[in-house]
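In what follows, a single structure is set out as structure tokens and then discussed.
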Amino acid sequence: MDEDKQNEFKRLQASQDKHHNSRAARECEKLEVTAEEKAKLKEGLQDITLEQLLWRDVLATENSPYAEVRAVADPTDDPNMPCSTLRAWFLGIIFCCFGVFIDTLFAFRYPNISVSANVAQLVAYPAGTFLARVLPKWSFTIRGQKFELNPGPFSAKEHMMITIMANVAFTAPYTVAIIPVQALPQYFNIPFARDKAYQICISLAVNLFGVGLAGVLRRFLVYPSVAIWPTALQRAREGSIETSIYLVSREIFLWATLFMGIYFMLPGYLFGAMSLFSWMTWISPNNIHLDAVAGVAGGLGLNPWPTFDWNLFTAGGYSGLFLPTFSIVNQIVGVLIAAVMILIIWYSNAWQTGYLPINSNRTFDNTGSRFNVTKILNSKGLFDEASYQQYSQPWFSAGYIVYTIWCFASYTAALSYVYFFYRQTIVRGFQAIWRQVRGQVDDSEIEEDIHYRLMKRYKEVPDWHYVVLLVVPIVFGIAALTGWPTGASVGALFYGLLIPVIFILPIGIIQAVTGMPIAINTLAAILGGLINAGNANGLIFFKCWAYLSSWQALGFLGDLKLAHYVKVPPRTAFWCQIVATIIFAVVSSLQMNFIMAIKDRYNMMLLGFPLGFLLVFLYWLLQKKYPRSSFVRQIHPVMLCMGPVSFGAPYNLAFHLPNLYVNLFSFVYIRKRYLAFWSKWNYVISAAFSCGIAISALIIFFALQIPKDGNLVVNWWGNNVVNQGCEGSGGCPRLEVGDSGTFGPASWS
């Protein structure tokens, strides 16, 4: 055993001596450890079988068996602590409205800034304590239920309830993107897309379905202790510590936030080159080959130190301070493999990629310009074959082609990985649900750690509530499709909802264990194009429901796990998610008007499907051949596939390496040497840095960018160098278009 586990085991032994009737003591008696085995344990010998028994049967009953969770979640609970209070609901609603507006505002920035629920964590505590001091101690009763305006000191559960509401509302989903695509003149220019009622119907249909799906699957993805949800640990940290430690953490949190807020002024406004630190391309800005390999904005980002901007260290919202090391390392390996594939495709001019930038997510026409979708649509927004023949085929960059291949690989990898390694767990879960329906519930069949046992004292949300949330959103969806001239079939809704129903369980297991989600947006686009051929609106609606419902369900599941860690009652968490979802639908719709299939060419990309299965199958064989190999245990084929996917074109290795550096320093160096320090401060610092960036970005936007129509800039080399040469244009093509002005075939069908 390592020192951490030895100390924890000694603590549990002391606890058992004090509480002889505890469940942990009874479990220890069942072990029947011999004197020889005890001697081995004292000598520190690595007897794996004995360690597994002790760790599983003793520690798991008194605390989580995972160090990451023990560092965050308190294994005790005070059921009398105020939670669903009027002041908590008031602050939660205020933060939801604020978060929706700000997060939607920055959703189209590159790289985007996510305000996230960390801002609510920062402001909610002083706001809550202020209300606890100034509000009168009035109370009133409605239908026998007593409500207190000021129930006493602001509690950790109130704090986390506000955080859960903010976490639902602070994430700008796909509906934020489809409304501008439908409404703006450079895209479809559809008038009804600006109708607020239409926008609200679409948003409620997608997001409420995600809540229902999450609730139905909570037995699989929330209750088991193995579902640690690494992304929930960062926020759980602030709601699970004692008051004295909490106040110290808050002070450090504020200082770290202040530091990062001031520092972000450099890469965010004063010295833009610190953000996209593509120093190698500055030597020769117009060198196409150098930029293709080393460019941060226009290439593959093969740069050993690509940024001084913490926002790029956490690009995509996944900080190296809380993702497992094996997850990040496997993704890095996947990105390196993808980089080699991209270079081969680009330099061989496969699919005419040499005429395009190497790593762009745009669609191009046969002149190398951005594809103008309005040129192939008729007045009703439907596909026009004659206009298409007159204009151009769509063309993709090498980076986007490889990204799509690995998207396909990730889908089959996720399904096959769950089949090979979790099929028995899933079968047991379905059997337990069936027994629950029949009234034959056995809680021992769930992997029962201390947090699950503590949560059983609260009333559970009836399953029929979640079933209703699967039905009502369908009504909203039908209303949106039939109440406005969308030209889309209601079938797009029902076919679209089948995708999350099929994929949510396997991709949910992957995210619960590794912290990385698997987005099925590419698969949704392919299937939507087949089902809604020639109907762009039908494709948009299909993709919206197929992709976003699963994405939102994963977010809601993470929030349910957060509530699980901090002991927020299930019914309170349920209503938090419902209210926050409705607020998001209304506020984002009000704000949105303020902002405002080729047959054969790319068939080779479909090889990604068998590639994903093959990787998992080979890994399964390795596990069978070398079951005790520590190296094999660190391999994760799904994460390897997710490397090229999570940061696909236009993102690149420059958005991966910083995460790796931070993770190795935090998890490998600090955690192994200073576990107590790491447990106390790792997640606090991560949350504080994110808050500092968000607040600084707001100041920059409203104080320095909005005035003078965005012309209030610092004009000097440190801001201008990033706009020079190939980096400034987002990458240069390797080949020049010939005298004809176009590339590719002269005719197509």
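Glycine is no exception: its Cβ is also placed from the backbone N, Cα and C atoms.
The region 'Disordered' annotation in TrEMBL covers 1-26. Marked as transmembrane segment by TrEMBL: 88-110, 160-185, 197-217, 252-271, 328-347, 464-484, 490-510, 522-548, 572-590, 602-622, 653-670, 682-706 (among others).
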Would the transmembrane segment (682-706) count as touching the transmembrane segment (490-510), if touching means at least three Cβ pairs under 8 Å and pairs must be 6 or more apart in sequence?
no
Are there three or more C-beta pairs under 8 angstroms joining the transmembrane segment (197-217) and the transmembrane segment (464-484), sequence spacing 6 or more?
yes
Segment-segment contact (the transmembrane segment (490-510); the transmembrane segment (197-217)) at 3 or more Cβ pairs under 8 Å:
yes
